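Structure first, then comments.
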Amino acid sequence: MQIINVVYSFLFAAAMLPVVHSLGINCRGSSQCGLSGGNLMVRIRDQACGNQGQTWCPGERRAKVCGTGNSISAYVQSTNNCISGTEACRHLTNLVNHGCRVCGSDPLYAGNDVSRGQLTVNYVNSC
């Protein structure tokens with residue numbers, strides 16, 4: 001009986017541990033992402049793919065659609081590494097193919113985990 005109580009206690013404790021899931025490619029972003037009409041992701045992708053000679057470093061806004069209020073921009077984050085324009089084009093194409101229309105993030109590295117580095121398209125305060 002004592003062993004059963006120990007097993008049940010262990011199973012209960014294990015069930016209470018938080019489940020951690022890596023957030024892979026996704027169409028998440030600011031709450032304002034849903035307010036925009038049209039398919040801005042394609043415009044962002046086309047800008048980036050039209051200028052593949054650029055280097056994209058963390059925080060630099062390389063492709064953007066500027067609006068009167070907020071704007072949408074693509075940038076690298078969650079890493080210290082830069083990526084090539086060709087890589088940026090590939091990641092933005094991944095987002096378009098995933099069905100993202102305005103905002104989203106694509107992991108930079110194998111493992112589909114954006115916490116290790118990501119190319120993000122999201123609303124920003126200014127161009």
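Glycine too: its Cβ is placed from the backbone N, Cα and C atoms.
Database features (Swiss-Prot):
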DISULFID  Cys27-Cys100  disulfide bond
DISULFID  Cys33-Cys103  disulfide bond
DISULFID  Cys49-Cys89  disulfide bond
DISULFID  Cys57-Cys82  disulfide bond
DISULFID  Cys66-Cys127  disulfide bond
SIGNAL    1-22  signal peptide
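Under 8 Å, Cβ to Cβ, and six or more positions away along its own chain, Cys57 (disulfide bond) finds Val76, Cys82. For Cys27 (disulfide bond), the nearest neighbour among the listed disulfide-bonded residues (Cys33, Cys49, Cys89, Cys103), judged by C-alpha distance, is Cys103. Cα of Cys49 (disulfide bond) to Cα of Cys66 (disulfide bond): a span of 18 Å. Taking Cβ-Cβ distances under 8 Å and a sequence gap of 6 or more within the same chain, the neighbours of Cys89 (disulfide bond) are Arg45, Ala48, Cys49, Gln52.
Rounded to the nearest whole angstrom, the C-alpha distance between Cys127 (disulfide bond) and Cys103 (disulfide bond) is 16.
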